[in-house]
Amino acid sequence: METVSLENQTVAEFVLLGFYDIPELHFLFFIVFTVVYAFIVIGNMLIIVVVISSQRLHTPMYFFLANLSLLEILYTSTVVPKMLEGFLQEAAISVTGCLLQFFIFGSLATAECFLLAVMAYDRYLAICYPLRYPLLMGPRWCLGLVVTAWLSGFMVDGLVVVLMAQLRFCGPNHVDHFYCDFMPLVVLACSDPRVAQVTTFALSVVFLTVPFGLILTSYARIAVAVLRVPAGAGRRKAFSTCSSHLAVVSTFYGTLMVLYIAPSAVHSQLLSKVFALLYTVVTPIFNPVIYTLRNKEVHQALQRLLQIKQMETSG
């Protein structure tokens with residue numbers, strides 16, 4: 001294909017290689033990840049519908065959960081369809097489209113980092129300060145936290161994309177990944193990428209470690225508060241929910257930290273792709289499972305919604 005100039009770009013498009021080194025598994029991967037993607041979208045959409053339709057779920061925790069579900073749908077939808085295309089044929093993407101994909105996905109992933117911290121803080125206030133909780137987590141404060149989480153993600157990654165847009169790509173155009181990620185793109189740059197690399201590293205350190213530290217602090221204080229409660233079903237339920245959520249959060253943050261703060265710890269590009277699958281596909285499955293399958297209020301709201309739909313259909 002003849003290359004055309006796009007501002008300071010000399011490459012017309014990139015080709016996402018995906019898992020090119022194991023072609024015999026491509027069809028199996030296509031089936032598996034199609035099912036997983038459908039589960040992610042349907043499961044998280046169901047959560048949003050249930051939260052909106054049930055008056056009992058109009059509380060801060062479920063407001064944050066609905067936003068988390070929306071984030072999961074959007075950022076998996078930014079990456080997975082192109083990955084599925086790569087299992088069937090060559091997945092080509094324009095330079096502009098590649099940077100746009102990186103911007104949207106990175107912004108949503110960063111927003112999720114903030115939102116998970118907000119959700120942990122919300123649980124900390126609810127468990128440690130139950131009497132003051134309605135005042136501490138009022139509607140305006142909840143909305144402000146969510147808006148801040150969303151906007152912060154787009155502002156942080158917007159700066160990185162601006163720096164990446166200054167790079168010149170004039171050589172190989174094969175991206176050794178299943179989506180447009182920072183490191184696989186930077187290695188293809190013909191111009192000096194050090195400013196973008198240093199900036200991305202600094203932002204990653206701040207905007208990954210700080211929210212993760214807040215989450216750990218919140219759950220540590222929750223654990224102390226729960227241990228003061230007499231042993232019983234309530235304590236077991238609290239520990240079960242918190243430990244499950246903390247495991248998923250640790251997986252999400254851990255993989256991001258390895259890939260963006262300590263990329264040298266990943267010794268092969270295939271391993272890097274496997275790590276990327278953990279936060280692009282695996283955690284979006286587990287988050288709704290942890291927050292809904294173990295939650296009686298969501299079960300009851302879902303049953304009421306289904307009963308109403310059945311009555312409308314039969315009527």
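Note: Cβ is positioned from N, Cα and C throughout, glycine not excepted.
Here TrEMBL flags 43-291 as domain 'G-protein coupled receptors family 1 profile'. The feature transmembrane segment is assigned by TrEMBL to 27-50, 62-80, 100-121, 141-165, 201-227, 239-262, 274-293.
The transmembrane segment (100-121) and the transmembrane segment (201-227) are in contact, since at least 3 Cβ pairs between them lie under 8 Å (pairs 6 or more apart in sequence). Across the residues of the domain 'G-protein coupled receptors family 1 profile' (43-291), the predicted structure has a mean pLDDT of 86.
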